[in-house]
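First the structure, in the form of structure tokens, and then the observations on it.
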Amino acid sequence: MVGRPVEPGALLQGQTVTVPITALAAGGDGIARLTDGRVLFVAGAVPGDTVEARLVHLKKDHGFGKILQIVQASPHRIEAPCPVAERCGSCQWQWIDYPFQLEAKQRQVREALEHLGGFAEPPVEPVIAQPRPFGYRNKSTFPIGRDARGEPVIGYYQKDSHRIVPLDACPVQDSRLDPLLAAARELIRTQGWSIYDEKHHRGALRHLGLRIGERTGQRLLTFVVNGQTLSGIKPAAQALMDRFADLVGVCLNTHTERGNTIFGPQTRCLAGQDFIEEVLDGFRFRIEPTTFFQICTSQAEILARLVARGADATAEQTVVDAYCGIGTLSLPLARAARAVVGIESHVRSVEQARQNARINGIENCRFLAGTVEALLPDLRADIVVVDPPRKGCDPEVLEAILHAVPMRVVYVSCNPATLARDLKRLVAGGYCLVGVQPVDLFAQTHHVECVATLERS
């Protein structure tokens, strides 16, 4: 069978092109335009760069390129402080100066609202910057594997792969976690524990989890295993506790299923306690190994205050906090509201939320286990706060909100695309978008958090 003849000048996969980078895509890649009109996505490229790139994959209307060399560097390009930044898949923007990162994130939110939400002039404020663009992460989870020599390695996955890039330290995480990373790696090497092989679903150690209270300094270390016991793990855990003064606990999480989920359903404490405490907006929260808590405490505090300001609750009003987690938004909301009702499908988070309310002496909060669409119709909801996962709200949740007819909705989102989609539905249902405030919780990455406020028309 004879293939279709290639037109003169046609671009082919594997070909090298020199292109100017004009923008950043929502996923963090640089964007260029090929001579045939197709969009080219180039990982690691910065607007203002001119790069020589290999066409590694071509589709009908777009393609993907790999940088071979930077012909001319953008004025926004800087030297990445991390020695493995170009290989590690955790950070996409370490080589972009921070002010330009913030501009790009604001543009990303605005364009999502315009193109996906249909808002002509969306009221998007400048992004609230992180005071420390490095060393801000209060949580890290590292896959554990073996290198080509069979030695244990701990690090992050290389972009678009499951090859582990070994790390001695991570400049994005709180530097107080770096010694724990080094100690865990040495412990795994000396103990000779078996390492999980995801291809054959064999071996014990899968992940290492680290947490720290930014304000309290308390640290927690968790080994994730594939259901197998680790010889000598309890005395090893106690030795870690004795070595590090602020290490309050060492835990073992069991995860026996295949797949990319990091933690399994069972966690037990090997030494010390199974939680750290953190202070946010004047409240004290207990955080366990698998608890969801924003990865930058100082920015999470700003987020909580923005939500409370957007809700603008009075002593006569009830606020429903949908997807409430452990109550990090509920408790600050309770200062002004008559009552706050938190809804959360994860039962352990509901138990923790109730515990956090008790610890802080909050009596006008109650927490319900279940789905928003099932529970909201039976509740008084003068104001609704939603903080869904990246996929956004299910259609049934949006319909439940509209049927509750709250006077105000505050929507917290980590995904501008699903935020735009859901705001479009709420506005069509009778609400007016008052404002969108992006907050940078994820410096050196393309991710951005937003707080959107809507009022009933």
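Glycine is treated like the rest: Cβ placed from N, Cα and C.
Quick look at what Swiss-Prot annotates:
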type: DOMAIN; residues: 10-69; note: domain 'TRAM'
type: BINDING; residues: C82, C88, C91, C170; note: [4Fe-4S] cluster binding site
type: BINDING; residues: Q294, Y323, E344, D387; note: S-adenosyl-L-methionine binding site
type: ACT_SITE; residues: C414; note: active site, nucleophile
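Other residues of the chain with a Cβ within 8 Å of the Cβ centroid of Q294, Y323, E344, D387, the S-adenosyl-L-methionine site, are F292, D321, C324, G325, T328, L329, P388, V412. Reported as a whole number, the C-alpha separation between C414 (active site, nucleophile) and D387 (S-adenosyl-L-methionine binding site) equals 9 Å.
Taking the Cα of Y323 (S-adenosyl-L-methionine binding site) as the reference point, the closest of the binding-site residues C82, C88, C91, C170 is C91.
Per Cα geometry, Q294 is the residue among the binding-site residues Q294, E344, D387 nearest to C88 ([4Fe-4S] cluster binding site). E344 (S-adenosyl-L-methionine binding site) falls within a strand when secondary structure is assigned with DSSP. Neighbour count (other Cβ atoms within 10 Å of the Cβ, all protein chains): 22 for Y323 (S-adenosyl-L-methionine binding site). Less than 8 angstroms from the CB of C91 ([4Fe-4S] cluster binding site) sit A80, C82, A85, V172, Q444, T445, each of them six or more residues away in the same chain. Sequence-distant neighbours of D387 (S-adenosyl-L-methionine binding site) (same chain, six or more apart, CB under 8 Å from its CB) are D321, A322, Y323, C324, G325, L329, Y411, V412, S413, listed in sequence order. Note: the CA-CA distance between E344 (S-adenosyl-L-methionine binding site) and C170 ([4Fe-4S] cluster binding site) rounds to 33 Å. The 10 Å shell around the Cβ of Q294 (S-adenosyl-L-methionine binding site) contains 22 further Cβ atoms across the protein chains shown. Predicted-model confidence for the domain 'TRAM' (10-69) is 94, expressed as mean pLDDT. Take the CB of C82 ([4Fe-4S] cluster binding site) and look out to 10 A: across all protein chains shown you find 20 other CB atoms. Those residues of the chain, other than C82, C88, C91, C170, with a C-beta within 8 angstroms of the mean position of the [4Fe-4S] cluster site C-beta atoms are V84, A85, S90, Q94, Y156, L167, P171, V172, Q444.
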